[in-house]
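Undergrad: Mind having a look at this structure? Questions to follow.
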């Protein structure tokens, strides 16, 4: 009986994916409309006969992002079905990461996707920590690539305090999700109980208030 249950679970887990396999060539996301027809599984798709080449291309990642007004001196530009309609159901996301001097993508997770990053300009310190607490870090120079396993805490940091840096990432889900550890812990809505944060991080109530104020800007 136990063997049968384990075999069943193994088979089921092998079928679990962040994004389901598409059942057609493409499912271009249409502009919002109250008269939209449904072509697949309850999901909105443009009539395939109306799809055009512009649905499958975008210049969204060609424009540099402004890092000076952004928290952590980092600007992330992401492809979505709004700027790349043909992205719908293909199970991918692309992101442009512009770093200011000492810019950082703080420790965060993508619960539904693995990520591969290519450094295009500057030098980045990148890394992740596995579930045993082991840390893997590497300096990335232009043209070098690093992969972050799905669901693990990871970061990217521009080691130059003055010059900018640039990277492009690909993620294995149309909706990878992002949780920045510090923000999720200290400025969630509604907030965590102060007692929970005090115990979890071995800090006092004043520390909690100070950290929250700092993260909220």
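Note that Cβ sites are derived from N, Cα and C of the backbone, with glycine treated the same way.
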Undergrad: Which of 141, 154 does Swiss-Prot put in the same Mn(2+) site as 108, 110, 115?
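TA: Among 141, 154, only 154 appears alongside 108, 110, 115 as Mn(2+)-binding in Swiss-Prot.
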Undergrad: By a simple count of other Cβ atoms within 10 Å, which of 108, 110, 154, the binding-site residues in the record, is least packed?
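TA: Least crowded of the binding-site residues 108, 110, 154, by Cβ count within 10 Å, is 108.
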Undergrad: Given the recorded positions 75, 115, 154, which one's Cα is the least distant from that of residue 45 (disulfide bond)?
TA: 115
Undergrad: In the same chain, which residues outside the set 108, 110, 115, 154 have their CB within 8 A of the centroid of the CB atoms that define the Mn(2+) site?
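TA: Residues close to the Mn(2+) site, other than 108, 110, 115, 154: 105, 109, 113, 128, 148, 152, 153, 176, 178.
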Undergrad: Out of these disulfide-bonded residues, 27, 45, which one has the fewest other C-beta atoms within 10 Å of its own C-beta?
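TA: Comparing Cβ neighbours within 10 Å for the disulfide-bonded residues 27, 45, 45 has the fewest.
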